[in-house]
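Going by Swiss-Prot, these are the annotated features:
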- CYS14, CYS50, CYS84: [4Fe-4S] cluster 1 binding site (BINDING)
- CYS158, CYS162, CYS165: [4Fe-4S] cluster 2 binding site (BINDING)
- 5-121: domain 'MTTase N-terminal' (DOMAIN)
- 144-380: domain 'Radical SAM core' (DOMAIN)
- 383-453: domain 'TRAM' (DOMAIN)
Amino acid sequence: MTRARSYEIRTFGCQMNVHDSERLSGLLEDAGYVKAAPGATADLVVFNTCAVRENADNKLYGTLGHLAPVKAGRPGMQIAVGGCLAQKDRDTVVRKAPWVDVVFGTHNIGSLPVLLERARHNEQAQVEILESLEAFPSTLPAKRESAYAGWVSISVGCNNTCTFCIVPALRGKEVDRRPGDVLAEVQALVDQGVLEVTLLGQNVNSYGASFADPDEPRDRGAFAKLLRACGGIEGLERVRFTSPHPAEFTDDVIEAMAQTPNICPQLHMPLQSGSDRVLKAMRRSYRKARYLGIIEKVRAAMPHAAITTDIIVGFPGETEEDFQETLDVVRQARFTSAFTFQYSKRPGTPAAEMADQVPKQVVQERYDRLIALQEEISLAANRELIGTEVELLVAEGSGKKNAATARMSGRARDGRLVHFRPGGTAEPIRPGDLVTVDITEAAPHHLIADAPVKTHRRTRAGDAHERGITPKTAPIGVGLGLPRIGAPAPEPVAAGCSTGCGA
């Protein structure tokens with residue numbers, strides 16, 4: 001008796017990595033693997049890594065160290081390491097963790113099944129890192145994690161040279177997908193019940209400048225056109241995108257957002273610093289006046305838009321005066337929320353070698369002040385919503401609750417997180433359904449709706465979630481000669497264990 005080999009993917013980092021992991025799942029399941037049950041020891045563990053934070057390598061190698069004795073006691077188990085840290089460290093991974101079987105990079109995720117088979121056959125670690133993109137992620141199958149929301153990549157890579165960021169070195173120059181391929185993937189998700197799609201790119205509003213297809217003409221207005229085209233897809237209720245770059249944010253995108261009903265009134269646009277001097281040192285090709293001007297235009301077109309941002313505190317050379325300028329911009333911008341980061345050196349970036357690194361205790365003190373200011377602003381903005389009605393796409397997982405409330409959670413169209421009490425409906429509310437609720441309480445990072453649910457719309461996404469079904473998208477677009485293999489050799493099942501449980 002034999003059983004299929006099981007797999008587990010552990011993902012670190014950004015939305016790009018989350019989406020890449022969906023592609024890895026699709027590849028592995030097409031090759032005959034099955035997802036390991038929660039808590040079970042998988043035959044294959046894949047790490048999709050991040051290299052952005054300073055301690056990313058410590059986190060990876062610590063986790064690999066914990067797996068070494070597990071693998072030693074489980075014949076046939078394999079470990080693969082991919083993603084940005086693998087692209088950066090290459091042979092270092094196998095040198096530090098010789099029990100790793102496969103190392104692959106950001107440009108060749110489609111080769112993983114082949115590399116796993118080669119490692120099994122040769123009984124030797126396989127390290128394959130390519131310097132340029134082998135295939136768009138869209139040319140690979142994907143096993144989606146959600147029945148109601150999906151990621152769609154519109155580009156890969158980045159042409160910017162921010163001094164704190166290592167991503168362009170690891171993911172390469174920007175390459176854009178054809179609009180028809182993007183829309184075909186969106187349609188494929190909607191056909192399977194997905195209600196919300198997030199368009200992904202390192203810099204989405206430069207889309208159209210670097211099409212991979214030489215027959216596709218360069219088009220600086222392509223992103224606005226893509227947003228409007230998404231508006232024509234029947235059944236697609238919400239469209240989000242991340243992340244735009246302020247230097248290339250154009251009026252036609254604002255107009256498309258305001259005039260296309262299913263584009264969500266939400267904008268996440270990284271600020272990084274409110275000091276023009278620091279922005280110049282970061283090689284961010286905009287200044288605070290331009291940034292605030294974009295926000296002013298967005299709010300004029302969409303008065304209730306939620307605007308969020310990223311801010312780095314303690315960049316090398318940042319003075320107290322520079323930091324005060326950041327606080328001033330935060331006060332003027334009135335962000336709904338902000339992802340704030342204490343600067344940490346990224347090996348391989350120009351900023352890591354800069355003089356005037358800010359002492360840790362100074363960075364921490366500034367960070368605390370920024371957090372306090374932003375929480376004050378967020379709470380004030382959220383309190384203004386008390387008594388208003390919002391539509392929620394119900395999310396998986398329980399909400400902020402106790403035994404009395406039994407709350408569920410959902411996202412409003414503007415992206416705010418709302419915890420609501422689900423009672424009072426004729427049928428049970430499920431993740432993927434849509435409800436309308438009245439806001440009764442506010443906190444800096446979420447809203448509460450404890451009044452009875454006003455409306456409840458059951459959806460195909462809710463049906464799929466209830467049945468435990470998530471979408472699977474087939475390859476879309478032109479492939480680049482990826483090798484294909486069959487299913488891996490099945491594993492013998494241990495006597496008395498019909499489920500393939502781990503030792």
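The backbone N, Cα and C atoms fix where each Cβ goes, and this holds for glycine too.
Per-residue confidence over the domain 'TRAM' (383-453) averages 92 (mean pLDDT, predicted model). Summarising the environment of CYS14 ([4Fe-4S] cluster 1 binding site), the number of other Cβ atoms within 10 Å of its Cβ, over all protein chains shown, is 17.
For CYS158 ([4Fe-4S] cluster 2 binding site) paired with CYS84 ([4Fe-4S] cluster 1 binding site), the C-alpha to C-alpha distance reads 14 Å. Comparing CYS162 ([4Fe-4S] cluster 2 binding site) with CYS14 ([4Fe-4S] cluster 1 binding site), their Cα atoms are 17 Å apart once rounded.
Surrounding the centroid of the Cβ atoms of CYS158, CYS162, CYS165, where the record places [4Fe-4S] cluster 2, the chain contributes additional residues within 8 Å, namely ASN160, THR161, PHE164, ILE166, VAL167, PRO168, GLN202. Other than the site residues CYS14, CYS50, CYS84, same-chain residues with C-beta atoms no more than 8 angstroms from the centre of those residues' C-beta atoms, the [4Fe-4S] cluster 1 site, are PHE12, GLY13, MET16, ASN17, THR49, ALA51, VAL52, ALA56, GLY83, LEU85, VAL167. Under a cutoff of 8 A between CB atoms, and with a sequence separation of 6+ in the same chain, the neighbours of CYS50 ([4Fe-4S] cluster 1 binding site) are PHE12, GLY13, CYS14, ASN17, ALA56, GLY83, CYS84, LEU85. Applying DSSP to the domain 'TRAM' (383-453) sorts its residues as follows: 1 helix, 29 strand, 41 coil.
Broken down with DSSP, the domain 'MTTase N-terminal' (5-121) shows 58 helix, 23 strand, 36 coil.
Remark: of the binding-site residues CYS84, CYS165, the most isolated position is CYS165 (fewest other Cβ atoms within 10 Å of its Cβ).
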